[in-house]
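Peer 1: The structure follows.
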C-alpha cells in the first residue's frame, strides 16, 4: 500500500506556476496502459479545461482533455518506493518525475477531484487514489487538500474500511468537510458511538454540526433497525441545541426513524411539523407512519392518514394498502382486513406477496385454516408462488395460540407445496419450541437447519440462548453464547440484554459488569431494554442503589428514562413491601414528565398491600379513576389480596362485585381470592 501523506505544518503557496500540460489532440482518449490495467479511459482523462485560449487553439473546448495516464502509470510502477515524510523538493527529484510534475502544474483542482472520485469508485483502485493525493501534496499541485482527503475518507467508509479512514484523517487538521466525511463513514458502517463522539469533538473544535451529519446517523440507524425512540429523542434535542433548522430531508428522516422505532405519536408530531412548514414527506415515509399507527393499534388514525394520501391527489400503491392491512391483522379485525383487500382490487392495485402473507396471517389467527389455503391457491393463480415467509406466519400463529404440535403439520404442508424452509422459518420453529419449553425439539430443529446447509443468524442464536435462559438452563445458555462467538457471529445488543438478565438472575454481578464492558469495547450501545433489564435485576435482588445509579447514568448521557424502567423499579420495591421507596420512585417518574401506566399503579397498589397499608392502596384506585385509567383484573385482585392480608375479609366480596360491574372478567386468581375470603368469613362465623 502507498504511504499515507504526512500532515503538512507549513502553509501552502498562494500562487501557482505558469507551467501547463499541453492538451492531447485526440478526440478519443488513449487506451489503458498494459502496465496498469486498473486505469480505465474514464479514469485517465479529466473534464474539459478552460485555459490557454490563445489564437493557435483551434480545437473546441469540449474536445480538450487532460491525459492522466502517464501519471497513473508512473505511480503504479513506483508503488513500492514509498516517499519519506521529509521528501526533497521537486527540483532535487529525478528529472523524469520533475518533468512529469511540471507538465501537470496548470491542472485545475476540480479535475484532480474528478480523477480522485473516479479512482475511488472501485475498491481495487483506492490504493492508487492514496498515491495520487500523496504525490499532489509532494509537489504542491492541488490546494484543496481537505476535499481530496474527504473523497478518500468517503471511499474508505463505503468500502467498510473505517479504521483506515481514521488513520487517514490523522494526516490533516480536521475541518468541517473532513468531519462530515468521517461522520458519514461511521454512519455507513453502523458505528453510532464513533459518529456521536466525532460530533462532540467537532463542537469542541469550534465547528457546528449540520443537518447532513444528523441525517447520516438517523438513516444509518433506520437501515440497520437499531433505532429506538429514546436515541432519536436525544438526537433531536441535540439538533435543537445546535440551532439547526431541519430541512425537508432531515424531517423526513426523523419521521421515518420514529415510525420504525414504533413511536407513532412522535412520528405524527413531526409529520404535522413538516406539513405546517409546507413540506411534503416522501410517500414511503407516510406508509411507515401508517404501519407504526397500525402496529400500535391506532387503526382509526392509520386509516385517516391513508385517506389523507388520497385527498392530496396521490394514488395509494400496494405498500400503502399493505401498511393499513397490517394494522387490521394485528388488531384481529378480519372483516376490515378482507375489506382492504377488496378495496385494492376495486382500485386496480395488484396485491403482492406481502398482501397475501398478511391475509393468510389473519385467517390463521382466526383459526380459519381452510380460508388460508384458499388464499394460497389464489396466489398460485396469480403466478405468485407461496414462499417460506407465508408458512412462517402460519407457524407463528399456531405458536401464539399455544398449538406447537401443529408445527410438524405446517412443515409437511410446506414441503408438499414444493416450498423449502428457509432460515426465517426455522427461526420461528425454534422459537415455537422454546416458548413451550421443549428444548430438545428446539435443538433438533437447529441441527436440522445446519444439516440442510442453512446458516444461522444472530436471531437464531438469540432465540436459542433466550429459551435456555427462560428454562433456567443458564449454563447451557452460556455455552451457546460462547459457541456463537467462536463461530464468528457477533453478539448484538439483544444478545447482551439476554445474557445480562441471565447473569442477574444468578446474581453473578461481576459477570454483569464484564458483559457491559465487553459491549462497550465492541461498540455495541446499550438501549432502553438494557437499562430496563439492569434496573429490574438490581431491584429484584435488593440492590436498589445500583438500580437508581443506572437511571442516573442514563440521564447523564442525555437519555430520558422510560416508563418501563420506573415500572421495574416500583415493582421491585413492591415485592419487598417497601411502599415508601415505591412512592418515591413513582414521584421520580412523574417528575420526569412521564405518564404513569396501569402497570406502575398496580405495582404501587401491591406495594401498599404488602406493607399492610390498604387505605393507601384504595387511594391509588381512586387516583386511577380520577385520571381516566381503567382498573383491570390485576388491580382488583391485588386490592383483594391487600384486604385479606389485614384480615378485612368482609370487604373482599364488594371489591369482587365492583370488578364484575366495571366489565372486568375475573380470572382464576381473582376467584381464588374471593373463595379464600369467604372461607375465612365462614370460619369466623362457626368459631
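Counting begins at 1 with the first residue displayed.
A Cβ is built for glycine as well, from the same backbone N, Cα and C atoms used for every other residue.
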Peer 1: Among 19-38, 39-58, where does TrEMBL put the label region 'Disordered'?
Peer 2: 19-38
Peer 1: State the residues, same chain only, that lie 6 or more residues beyond the ends of the repeat 'PPR' (317-351) and have a CB under 8 A from a CB inside it; answer 'none' if no residue qualifies.
Peer 2: 283-284, 286-288, 290-291, 293-295, 297-299, 302-303, 306, 309, 358-359, 361-363, 365-366, 382
Peer 1: Where DSSP helix means H, G or I and strand means E or B, what are the helix, strand and coil counts for the repeat 'PPR' (282-316)?
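Peer 2: With helix first, then strand, then coil, the repeat 'PPR' (282-316) has 26 helix, 0 strand, 9 coil.
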Peer 1: I'd like the per-state residue tally for the repeat 'PPR' (597-631) from DSSP, helix first, then strand, then coil.
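Peer 2: Helix/strand/coil tally for the repeat 'PPR' (597-631): 26 helix, 0 strand, 9 coil.
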Peer 1: If you run through the repeat 'PPR' (352-386) with DSSP, how many residues end up as helix, strand and coil?
Peer 2: 26 helix, 0 strand, 9 coil
Peer 1: Roughly where does the repeat 'PPR' (422-456) sit in mean pLDDT, to the nearest integer?
Peer 2: 92
Peer 1: With DSSP, how much of the repeat 'PPR' (387-421) is helix, how much strand and how much coil, in residues?
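Peer 2: Residue counts in helix, strand and coil order: 26 helix, 0 strand, 9 coil.
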